[in-house]
Structures are given as structure tokens and as C-alpha cells.
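One structure below.
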Amino acid sequence: MENISDLWNSALKELEKKVSKPSYETWLKSTTAHNLKKDVLTITAPNEFARDWLESHYSELISETLYDLTGAKLAIRFIIPQSQAEEEIDLPPSKPNSAQDDSNHLPQSMLNPKYTFDTFVIGSGNRFAHAASLAVAEAPAKAYNPLFIYGGVGLGKTHLMHAIGHYVIEHNPNAKVVYLSSEKFTNEFINSIRDNKAVDFRNKYRNVDVLLIDDIQFLAGKEQTQEEFFHTFNALHEESKQIVISSDRPPKEIPTLEDRLRSRFEWGLITDITPPDLETRIAILRKKAKAEGLDIPNEVMLYIANQIDSNIRELEGALIRVVAYSSLINKDINADLAAEALKDIIPNSKPKIISIYDIQKAVGDVYQVKLEDFKAKKRTKSVAFPRQIAMYLSRELTDSSLPKIGEEFGGRDHTTVIHAHEKISKLLKTDTQLQKQVEEINDILK
């Protein structure tokens, strides 16, 4: 891997001479070499937009530059960090009892060097998840085991998992840390059965110190893989090895997940990550700009942060898009230029943000229920049923976590919210009167 990095660094020095400084700073400086397989050099771009731009505008120039350096005609492929994490890694040929050696090769290959605790921006939506991750990294298998982190796409779950891995390796270089997606776990498991190497597969993942497994929800419906992961989990937990799991939803909401797995995921700590608030989004943009050596006016930071509120990946992508647009038309970056650069990805009128309070008020109007009754202990049908409808709509129409929804309904447990959602979802399939009432509530909320 060191030789590939040296080659790419040499290529970057040559490319810096061939393109303008803004273009180099915007597109090429932040790239890294990932691997070289069969005359295909894979380069990591910081985000999706940068990847697409590099593919369409710089592939030929990069290929020519590499030919000048090596005399070999290499094809160029670009990936982003998320897909890099799921790339197949070329490991040394398997040998008898070599599972532990294989594990030692994985950490450096599979962890993104940019995803550390130092580069993670802490805000109200991720503060607890960050604290829990740091506690796990400082004392693996002693703080929370397993640690289960859930939240939407692009909110920092993978970043925290990689940060845990980096921290453990930094403080214990001999630690065997493995990061992979559940999809990769599934594919390797299937291949091990096909190639009659099930024992090697088990040794590989049951002889590690820290297992970081991403997107566990993709195990849903895969009975054999769930069975294998169940035994892997047990083996590691019994040996006091740390397990960290991420998902886009809490364990109880993962469909067709075996109860015995679900219960094990709940043994340790479950924490969520929610979309960043305005202050956190601005802090993320400032940190990104500083890391990339970009001089971005505060008004532009504020504009982007106000317009992009879904996730961190889109936020950083918007910043790069603005910088790229500025370099292309050779104009200084300001709020007007940012608006022009982002006009294709920002709708003219942003959809109305609906709060749990709005939902309670609308449901109360339709069912003649007082606002305070939604939080009260009353269990009469005239109150309990509208309350369940309000919980259902809160789950459907807001980004609030289950605990947050429960809190807004008088501090009820998240399982109560799940039950309400399941009940109303089922009734809506057959109850035409309920369908009309929910439609009426939705009209009020528009």
C-alpha cells in the first residue's frame, strides 16, 4: 500500500503543475490512492460530487500522467469513502491457521484515515453517541458491549466506527480491529460455504479484539447469515471482545431479525444520531473548509447550512459544489454565487417542517382531544386511540427518534410508540373511515 501511496503522491505533484491552483485545491488535493488491481488504480474522492467530476474531467489527464511516471497504461476508477469501506481487499493467500494473520492486515486496509475523533464535529444530535463511542474506544468491552449506533444516512455513524478503530489501534498497535459492512460479511460467508472454507471464515471473525460491523439492517431476512453472526457475536462477547454495530434504525424496528439477535443487540447500549442543528452544520462546514484549505465567507457558510439540513454528506458536497462552481466561472465566492451553484439541488420552496406539537394539535382538532390529554395518563378510548394516531404520524412525518416521540407524549416508553405505529399501520390497510380521518389530518398539516 505504501508504494501505491508514493506513486499517487508523485502523480499529484505532476498534476499540480498541469492544472490551475483552484482546480488542484478543489478536486485533486484531497484524493488518496486506495488500491491497484489488474492495471486499475482506484482513487478515493471525498464525496459523490467530487467523484463524478473527477471521472468526467480528469480521468484522461491522470492516466496520461501515470503513464509518464510508470510507462504503464492504467485505468482509473474513483470511489467515495463509504464504498471504499465495502471494497473487497486483496489479502495474502490463505494458509493453514493463518486467520489471525489475515485479521492483522485488515485494520489498515479498511479504516478511512479521515474518520477520527479529531475530525468529528460534536453537536446536540450526536453528543451522546460520540461520548459512548469514545468510552468504548478507551476501554473496549468494559464500557458498553455491544455498542449499537443508529440513525439516518450520512449522519456520522460510520465516522464514529472508524474513529473507534483508529483510537484502539493507536493505543494498542497489536489489537486486531476489523471493520466491514453486513453485506460484506454476508458475501464472505456465502463464499466460504461455496469454497468449503467455513472454518477459515469463522476463525477470521472470531479471533479479533474489536469487530465494527456497519448497516446491520441488511442481515434482515438472511437466516443463515443471521445464524452465523449470532455465533460470531456469542464467541466474541464470551471472550470479552468489543462489538460495535450500526444501523439505520433501532433493533426493534429491523424486520425479520431473529429475536435472539435483537435481544443481544440490546445487551449493551443503544444510541441514536439525529440530523445536525444549524450551529453544528456551520461548525461542520468550517471544519471541512479548514481541512481543505478553503477560504469561505461566513455568509456563504450560513447560506449553505440553512439550505442543506438533511445530512453531513450532502452538506459537505454542497460546499465542494460551490467551490467548484467558483473556480469554473472564475468569480469570488459569495452568497449569490452559492445560490446559483446550488439551484439544481435546492428546491425553490422548502417543504414545511412538521413538529410533534403540530401533529398533536391537528389530531386534537379532528378528534376533539385537548393537547394536555396527549401527555396525560388517560387510557379511555376517546383519548388513547387519537394518541396512537398522533404517535403514528409523529413517526411518519418527523425525524424524531422513538425516545423523543415518547417523551413528547408524557414520557412514554419507545415500545409504546412502536406498538402505536404498528397498530395504526395495520388498521389503515382496511379501515376506510380511519383513512379519511388521517387524510384530513394530513391536509391540516400541509
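The backbone N, Cα and C atoms fix where each Cβ goes, glycine too.
Listed in Swiss-Prot for this protein:
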REGION    1-92  region 'Domain I, interacts with DnaA modulators'
REGION    87-107  region 'Disordered'
REGION    93-109  region 'Domain II'
COMPBIAS  96-107  compositional bias 'Polar residues'
REGION    110-326  region 'Domain III, AAA+ region'
BINDING   G154, G156, K157, T158  ATP binding site
REGION    327-446  region 'Domain IV, binds dsDNA'
Checklist line | Largest tally of Cβ atoms lying within 10 Å of a Cβ, found at which of the binding-site residues G154, G156 | finding: G156
Next item on the list: With DSSP as the yardstick, break the region 'Domain IV, binds dsDNA' (327-446) down into helix, strand and coil residue counts.
Entry: 80 helix, 0 strand, 40 coil
Note to self: Among all protein chains shown, how many Cβ atoms are found within 10 Å of the Cβ of T158 (ATP binding site), not counting that one?
What the structure shows: 22
Checklist line | Neighbouring C-beta atoms (10 Å sphere around the C-beta of K157 (ATP binding site)) | finding: 25
Check: What is the three-state DSSP composition of the region 'Domain I, interacts with DnaA modulators' (1-92), stated as helix, strand and coil residue counts?
Finding: 52 helix, 16 strand, 24 coil
Check: Taking the region 'Domain III, AAA+ region' (110-326) alone, what is its mean pLDDT?
Finding: 90
Margin query: Quick check: in three-state DSSP terms, what is G154 (ATP binding site)?
Written below: coil
